[in-house]
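Chemist: Feature table excerpt (Swiss-Prot):
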type     : residues : note
TRANSMEM : 22-42    : transmembrane segment
TRANSMEM : 65-85    : transmembrane segment
TRANSMEM : 96-116   : transmembrane segment
TRANSMEM : 117-137  : transmembrane segment
TRANSMEM : 194-214  : transmembrane segment
TRANSMEM : 230-250  : transmembrane segment
TRANSMEM : 256-276  : transmembrane segment
TRANSMEM : 284-303  : transmembrane segment
TRANSMEM : 308-330  : transmembrane segment
TRANSMEM : 350-370  : transmembrane segment
TRANSMEM : 392-412  : transmembrane segment
TRANSMEM : 435-455  : transmembrane segment
Amino acid sequence: MLKILLPTVMLLPLISFSKKEWMWINSSAYSILISSLSLLTLNQHMDLGLNFNLNFFTDPLSSPLLVLSCWLLPLMILASQFHLMNESINHKRMYLILLVSLQIALLMAFSAVEFMMYYILFETTLIPTLIIIARWGNQTERLNAGLYFLFYTLLGSLPLLVALIFTQAQMGSLHILLLTLTPNPLLNSWSNDILWLACMMAFLVKMPLYGFHLWLPKAHVEAPIAGSMVLAAILLKLGGYGILRIIIILEPISKFMAYPFIILATWGMIMTSSICLRQTDLKSLIAYSSISHMGLVVAASLIQTPWGFMGATAMMIAHGLTSSMLFCLANTNYERAHSRTMVLIRGLQMVLPLMSSWWLLASLTNLGLPPTINLISELMIIVSTFSWSNFTLILLGLNTVITAIYSLYMLISVQRGKMTTHSLSINPTFTREHMIMALHLLPLILLTLNPKLILGVAY
């Protein structure tokens, strides 16, 4: 674990002391090396061996998310270069230092061995993200978005803190492995349903579940490119990871509490997918698409079958890469047209033909076409929910159809149609942008060859 954490910490002095012209090169190259090194945590056995100490450990559930965090840091650095072109050197340094600080908090959160440690790091990720949104966002509404983001997350996670203190008092420990192995005495009291709700609420707000989702479109739309990427790809996964971890100590799950949330998640998928159909703002459409996909993860996690757990873990990785790629593509359009409205940036296929190929691939990946891991994760989740209730097949089938419609609607709106007058004078694409897209798409396709790397502990 330290072989990833220490080099990431050393990025901070590297960024601080690099010369102006070398800062981007040093940080990009060094973070790519760290992401290559993190691949060693994949494909390990359940006997923890060298990946375990008293504070941090990695297992088949946390290591894919750990690798995803490391993989996205160089991509965020590459994607932010144009956005920060007119900023002073100190502001650029501050921006990169915030990204690396967020990365360190995420790495420690995904490998924390105790729930209280996880909770503290879960809250720590809030600070750099809030500063990135509030300082480097595009419009003045960014302050409003920052407030929504802060208060939704804080109010959702306060009951979790109380629940963790109560669990510590009852069981004497919050160690993840210890709680997994001990019989659960928490079920003897009538207050177990309240405890379950308190534990889940923080993660359901972070996912977010439909109904608690109002902060997400605002935060996504106002955040700069790196903020949108890390929010969609990794911060939402903190919620899914927390559910998969904490559900172990809440077993056996009470039908009285689980059923309403499974129903709300499946219904929320239909609702948010339908909202996508009438969006005019490109980033807002991708944000609502994220809520729809995270609804699948919530439903699969709460059903608590091995296939459900595997599908949820695979969906988190697949969605992380896909939504991050879509936000990068939306950003390339925004940098050229200075607008997120799809009507104003149509007809780009004629001007940027290679970029339209990336748009096509990203849209097809988003709707779950083979040979991507999105298909594998969706099939696993559909099978596990169908085994729980036959009726869910109608809802999930409808959701799949609507997802295909809005993905293709997004593609046609941006790429096809009559070109606007300002489309003729836009800049050509850069090699840097093509590299970012390729590095997003490569793992999505390659993981199909060996999906057990990302199927988590249930495999």
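Cβ atoms here come from the backbone N, Cα and C positions, even for glycine.
Fair warning: this is a prediction, and the values are worked out from it, not measured in the lab.
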Chemist: Most CB pairs under 8 Å with the transmembrane segment (284-303): which of 96-116, 194-214, 350-370?
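Modeler: So the stretch in question is 194-214.
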Chemist: Under 8 Å between C-beta atoms and at least six residues away from its ends: which parts of the chain pack against the transmembrane segment (117-137)?
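Modeler: Result: 55, 83-84, 95, 98-99, 101-102, 105-106, 108-109, 143, 145-146, 149-150, 153-154, 157, 160-161, 164, 202, 206, 219, 222-224, 226-227, 230-231, 235, 238, 242, 245.
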Chemist: Ranking 230-250, 256-276, 350-370, 392-412, 435-455 by Cβ pairs under 8 Å to the transmembrane segment (96-116), which is first?
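Modeler: Most Cβ pairs under 8 Å with the transmembrane segment (96-116) come from 230-250.
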Chemist: If we skip the immediate neighbours and take only residues 6+ beyond the ends of the transmembrane segment (194-214), which ones have a Cβ under 8 Å from one of its Cβ atoms?
Modeler: 122, 148, 152-153, 155-157, 159-160, 162-164, 166-167, 186, 235-236, 238-240, 242-243, 246, 250, 253-254, 257, 261, 264-265, 267-269, 271-272, 291, 294-295, 297-298
Chemist: So which residues does the transmembrane segment (230-250) touch in its own chain, when a touch means Cβ under 8 Å and the partner is 6 or more beyond its ends?
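Modeler: Result: 61-62, 65, 68-69, 72, 76, 99, 102, 106, 109-110, 115, 118, 122, 125, 129, 167, 176, 179-180, 184, 186, 195-196, 199-200, 202-208, 216, 219-220, 223, 286-287, 290, 294, 297-298, 301-302, 304, 309, 312-313, 316, 319-321, 323-324, 327, 456.
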Chemist: Could you give the residue numbers and ranges of same-chain residues that sit at least 6 residues beyond the transmembrane segment (65-85) on either side and whose C-beta is under 8 angstroms from one of its C-beta atoms?
Modeler: 4, 8, 24, 27-28, 31-32, 34-35, 37-39, 41-42, 58, 91-92, 95-96, 99-100, 103, 106-107, 110-111, 136, 224-226, 229-230, 233-234, 237, 241, 316-317, 320-321, 324, 328, 331, 335, 432, 435-436, 439-440, 443
Chemist: Please identify the stretch among 256-276, 308-330, 350-370, 435-455 with the greatest number of Cβ pairs below 8 Å relative to the transmembrane segment (392-412).
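Modeler: Per the Cβ under 8 Å count, 256-276.
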Chemist: Restricting to the same chain and to residues at least six past its boundaries, which positions have a Cβ under 8 Å from a Cβ of the transmembrane segment (308-330)?
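Modeler: Non-local partners: 61, 64-65, 68, 72, 75, 79, 220, 225, 228-229, 232-234, 236-237, 240-241, 244, 282-283, 286, 289-290, 293-294, 296-297, 300-301, 340, 355, 358-359, 362, 365-366, 372-374, 376-381, 383-385, 433, 436-437, 440-441, 443-444, 447, 451, 454-459.
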Chemist: Restricting to the same chain and to residues at least six past its boundaries, which positions have a Cβ under 8 Å from a Cβ of the transmembrane segment (256-276)?
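Modeler: Distant Cβ neighbours of the transmembrane segment (256-276) are 193, 196-197, 200, 204, 209-211, 213, 285, 288-289, 291-292, 295-296, 298-299, 302-303, 385, 388, 392, 395-396, 398-399, 402-403, 406.
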